[in-house]
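As annotated by TrEMBL, repeat 'WD' applies to 88-129, 130-172, 173-214, 215-256, 257-298, 299-340, 341-382, 383-415.
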Amino acid sequence: MGLRRLLLRYFPPGIILEYVESGESKTRPIDLLDLKPDTDVTALVEEIQKGEPLITAACVEHVILLVRRLQQKLVEKENHKFSLFKVLRTHLLPLTNVAFNKSGSRFITGSYDRTCKLWDTASGEELHTLEGHKNVVYAIAFNNPYGDKIATGSFDKTCKLWSTETGKCYHTFRGHSAEIVCLSFNLQSTLVATGSMDTTAKLWDIEKGEEVATLRGHSAEIIALSFNTIGDKIITGSFDHTVAVWDVGTGRRLHTLIGHRGEISSAQFNWDCSLIVTGSMDKTCMLWNAVTGTHLATLAGHRDVILDVCFDYTGQRIAAASADGSARVYDAQTQKCIAKLEGHGSEISKVCFNPKGNFILTASSDKTARLWDAATGHCLQILEGHTDEIFSCAFNYEGDTIITGSKDNSCFIWH
């Protein structure tokens, strides 16, 4: 087993080891989620070396250099004033979703006009229109980090897999008996999962174009699903008030997270796969142990339903967005509310952290998106210009570009 090279991963902080084993090229990450600007790097690398045989004495200096570069990234000051760069009148009918590829060089929009469009972020030019669905294209995703494939899930009960490069359709996945409303690739880009109003989720093999498993057990629609980073587990959130944790390899249900008293709106694993956060129409978020399925905490405080919930990249903070017009930030370890984001005039349907985790972006039906300081809850900027509610927003990987999607049928790019 020989080390070929070391790669930096800025968000979340880590080093990827590229090595050869039995003639095969492989990678494995060293996660540095707790890295701070004042961490003793030499001591940290000594500790890493004890548990990682690939890091020999010969490359210790190089590893120290890489960790210092990660530390520099943590203290870099950003100029966080975004300005409107382009307005794209993207579709004839309303948008359903927007998503970036990993680098942020391209993004996709889904629409009620039955198409998904691929765009060049820098020029605002339309690259491809992905046509073929017979109903609303509701769920869309790139197979990040690769970004060479796009999946679209439709009200026509099918999911299609497309080439980013050519816009050609590789596969049409058929089998659901009702609308597909959520989908996700695993990070390894071998599977795509679809969640449907038919109460099931399905796993599909990307290469073969075949169904691998059907996840049955919910008694109502599945409206959220998420793989963990390792790719061995997937969670499904349902209108039956529960979240199920499934083994990807066998399709077996491992745990049912019971406790919410309303429909699930959102569910996500943290980066190291130890925690799950869920948001519900019962006005609360809940935190769960991802390994045992036990309930750890209820994050209360909102006066109306929770519409979106997410972890930052390191899994140390949680943001929740509510129909009460506010968002809250919680510490995942102490489970305490550390900031309240107040100022929107009506419900917030989407919330996300920038990759570094120091800013939060919210999208609201008050026609604005807002940028917030994640530590203090202070509003840094209001992104104005849309003429109808904004239901989707996203940062690119560098955190220097934002897209917002609105019911006014337009997509704004902000730099």
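Cβ coordinates are placed from backbone N, Cα and C, and glycine is handled just like the others.
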Do at least three C-beta pairs under 8 angstroms join the repeat 'WD' (383-415) to the repeat 'WD' (88-129), pairs 6 or more apart in sequence?
yes
Over the repeat 'WD' (299-340), what is the model's mean pLDDT?
97
From the DSSP assignment alone, can you count helix, strand and coil residues within the repeat 'WD' (88-129)?
0 helix, 23 strand, 19 coil
Which sequence-distant residues neighbour the repeat 'WD' (215-256)? Criterion: at least 6 residues beyond either end, Cβ under 8 Å.
178, 181-188, 190-191, 193, 195-203, 262-269, 271-273, 276, 278, 280, 282, 288, 290, 292-293
In the repeat 'WD' (299-340), how many residues does DSSP call helix, how many strand, and how many coil?
0 helix, 23 strand, 19 coil
Give me the DSSP three-state residue breakdown of the repeat 'WD' (257-298), ordered helix, strand, coil.
0 helix, 22 strand, 20 coil
